[in-house]
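Each remark here refers to the structure printed beneath this line.
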Amino acid sequence: MTADTITAVDTRINARWIIPIVPSGTVLNEHALLIQGDRIEAILPQAEADQHYRARETLNLNDHVLLPGLINAHGHAAMSLMRGMADDLPLMTWLNDHIWPAEAKFVSPEFIADGTRLAIAEMLRTGTTCFSDMYFFPEVAAQTASDVGIRSQICFPVLDFPTAWGDGPDDYLRQGADLIDQWQNHSHVRIGIGPHAPYTVSDGPIRDLIRLSDDKQVPIQIHLHETAFEVADALEKSGTRPSQRLAELGLLTPHTQCVHMTQVDSTDLMLLAESGAHVVHCPESNLKLASGFCPVDKLQKAGVNVSIGTDGAASNNDLDLFGELETAAMLAKAVAEDAAALSAHQALAMATINGARAMGREKDIGSLETGKMADVIAIDLSDPFNQPIYDPASHLVYSQHGRQLSHSWIGGVPQVQDGKLTRIDVPDLMLKVSHWAKRIRQG
Ligand SMILES: CSC[C@H]1O[C@@H](n2cnc3c(O)ncnc32)[C@H](O)[C@@H]1O
Ligand SMILES: [Zn+2]
């Protein structure tokens, strides 16, 4: 560009701070972010933007920090309709005696449509612009996410037993393969394979789904080493740790996202680091179900990519990734017995670029860089409880929660403006949610 060239762009955002995530630890002051179409055109000092760009629309966010949209790398979106339904229980009691019976009774395409929309509303309001889902009727979740315009990774479930969505593994894999073909090349929706856990999927279906993942080049996401009981039970029944069994089957690769990993011995650490598999840390679900503590600092020091997820709203009980980051940072320090473990900047990277890497989407999302998708969020730090401000990254992780979000864009399209959702009819959604609550309450 020569000194007098003026480039026209769609949107200019003037922000007090920008934390682009890449390069790591950077905080830009008084910069402008320019959006053309669905991508970031440039990020530069505001005085330079005045000279070189003319925008159709300019937004002045003088008390705000801009960040890449957050990436919630694990959840069960429609379980938002079961928020607070079964609290204060350990994982297997929670699943066997409460969640699975409720799912058998209520899960349907309508339940998924309404529950997923409720989860998306909450995620958008609190800064998430891309989420991963593992739940029933994934075709409905994918359509709902696409209709709203949020980015997603929709993992279709694979289990040994029948559910409302299918007869068993062969049926899940057949429907899943069709789903992959249907959504191939979609800008926002990606399909993944979601074997539920080592204790619910046997070797045959695991081999089949690895073949499907290789053929179609799609990611695999699995709950793994969620509790000490899971590992001890597998050792007692087969003499093998679940991680070892999955590695021997060929499941641990750079396409694999291992959710939870609260139990990590030296062999597990080596398997994860050498395979290039990713970890999705879900600290609040792990705390609430008393599942255990993921050793985030140890994993990161071994070179394992650690992303973050909320898990479902029935075990969290919210989908606010900023709150999750605060918990993650506190917990990492306690587990490592090191106050320097998981700094604020490292935590923000976990919810952005690390999530993008886990999903194989780091070329397009996860940081604010020229040429990347314009998935951008703005957090308003003007409230008294955020004053004074020495380092905005500190407040994002340790002080504010996601409700301070004022704006978000996904691929340049506004999703939240002045704290209001632009593409979800909230009153209509609330009516649907109260209908489900009434039915679930009646049992
Ligand atoms: C195969 S669809 C997903 C399946 O997983 C159940 N679920 C929700 N949270 C957890 C968790 O923390 N560990 C294991 N399984 C979980 C959900 O209820 C669905 O049945
Ligand atoms: Zn889960």
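Every residue, even glycine, has its Cβ placed from backbone N, Cα and C.
For the Zn(2+) site, TrEMBL records H74, H76, D311, and the single candidate of H223, H225, H401, H407 listed with them is H223.
Taken residue by residue with DSSP, H223 (Zn(2+) binding site) is part of a strand.
Taking the Cβ of E226 (substrate binding site) as reference, residues of its chain lying under 8 Å away and at least six apart in sequence are, in sequence order, L91, A197, V259, H260, T262, N286, S291, G292. Taken residue by residue with DSSP, H74 (Zn(2+) binding site) is part of neither helix nor strand, so it is coil. Between the C-alpha atoms of D311 (Zn(2+) binding site) and H196 (substrate binding site), the distance comes to 13 Å.
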